[in-house]
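Asks: The structure's right below; bear with me while I get my questions together.
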Amino acid sequence: MAFFDRPENSTGALASRLATDAQQMFDMVSQVILTTISAIATIAVGLGFAFSATWEMTLIILAAVPVIGLGQYLELAALTGFGEKTRKAYERSGQVAGEAIANIRTVVSLAKEDRFESRYLEVTREPHKYAMNKAIYASFGFAMSQGVAYWSYSIGFYGGYRLVQEDIIDWFQMFDCMFGIVFMAMSLGHITAELPKYAKGKQSAINIYELFDKDTTIDADRDGIKLDTIQGSLALQKVDFNYPTRPDIQIFKGVDIKVKPSQTVALVGPSGCGKSTVIALLERWYDTDGGKVIVDGHDICDLQLHNIRDHMALVGQEPVLFDMSIKDNILYGLPDGEGTMEQVEEAAKLANIHNFVSSLPNGYNTSVGDKGSQLSGGQKQRIAIARALIRNPKVLLLDEATSALDSESEKLVQEALDKARYGRTTIVIAHRLSTIQDADLILVVKDGQIVESGRHYELIELGGVYSELCKKQNL
């Protein structure tokens, strides 16, 4: 996850890189290489024909080849060098455009269309500058190679004329030689015309392989211990943690948390205190800087990552739905994405969404729209809960799952969550303390430390941080 936290790996930048680089790499393989192979064969035939006619005149003309090669080298160097700078600049512009399009409702509601247009124009000035410089240098190299080529024709005709005058060759040999040279030059021109595609394709191939070869501290495909079932016991043992993009800010220092199987544990505290970081570590989006995360007695670093995540399910504050049917969105919760209609309906009933879906004209085949735009916040959240429950997870992670809902939607979602928690180890993060009063254990997080722990009534009697938070919410 740290890879995606870095600005250069934003959604817009990666989408732009993969879309553009893949196409340019395809063009190089499918067009440039085939054209080059064909042209080289033609050049060999033309050169052989010219030498067979008159080697003296052929050598005179070929004296210009090094200069032509220098011009093409300069053109290729310009295309490659400025191409990389242009690519990075285009990624930044793609990021701005992608951000605006993905959040178009917010942009329109804030009347910020002109602002984003100005931002886009600003970030496109840099690639425009690089493109102009690339065009100038590449044009100079192209003009040099083409000019010298025509100059060599003139020298060839003059040299051929002198050889004919001295009776070394005849007119037929001279024109046969020129025919072979022109034939060769045309093929060389085809190669020159493909240089821009070659330069772009080469750089794109480098970019793609660099992306694929980047080392990550967490390898989801690495072998490890696979657990067929888990009891659901979780623990953080003396955990130290800083986010990779903010190494100077200490999130956790020596934190200890222990969760028993089938226990519901709530994490509360002010914003930014580190509550959601607990879920990030349990999902192993990040590794700790010190200490261990334990699942069923195993260090999470020793477990096969996909396997352990199959035993967990996460419901966040902002549900993410895909532009497909309600049924397909729920089925995404299964590891293989395939399941029966009975499984879908059972999960929907547990999530309190079945009656609503059944009332729709197309039922479970109803499309939710882009990011679930055809549904209300509460409906999206309950579908996300159904997607989590169809996995039948042993560990349920709830990250402020009701905080963005209205009171009626919150009631329906909370009822669904209460049913979902039964028989599962549940970690709940909540700002609304009314939703976690019946938790088996409440942990109060402040400044990266667990400062209080206990049941609701115990913490109220303690009169500490939790008690103050309850008073602020009139509990």
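The backbone N, Cα and C atoms fix where each Cβ goes, glycine too.
Reproduced below are the annotations present in TrEMBL:
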- 1-200: domain 'ABC transmembrane type-1' (DOMAIN)
- 236-472: domain 'ABC transporter' (DOMAIN)
- 32-53: transmembrane segment (TRANSMEM)
- 59-82: transmembrane segment (TRANSMEM)
- 135-153: transmembrane segment (TRANSMEM)
- 173-193: transmembrane segment (TRANSMEM)
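Burial and contacts for the listed features, if you can.
Replies: The domain 'ABC transporter' (236-472) scores a mean pLDDT of 87 in the predicted structure.
Here the transmembrane segment (173-193) has Cβ contacts under 8 Å with residues 35-36, 38-40, 42-43, 45-51, 53-54, 57-58, 61, 68, 72, 75, 142, 145-146, 149, 153, 156-157, 160-161, 163-164 of the same chain, all six or more residues outside its ends.
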Asks: Should anything in the same chain at least six residues away from the transmembrane segment (32-53) have a Cβ under 8 Å from its Cβ atoms, list it; otherwise answer none.
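Replies: Distant contacts of the transmembrane segment (32-53): 61, 169, 173-174, 176-177, 179-184, 186-188, 190-191, 194, 197-198, 201.
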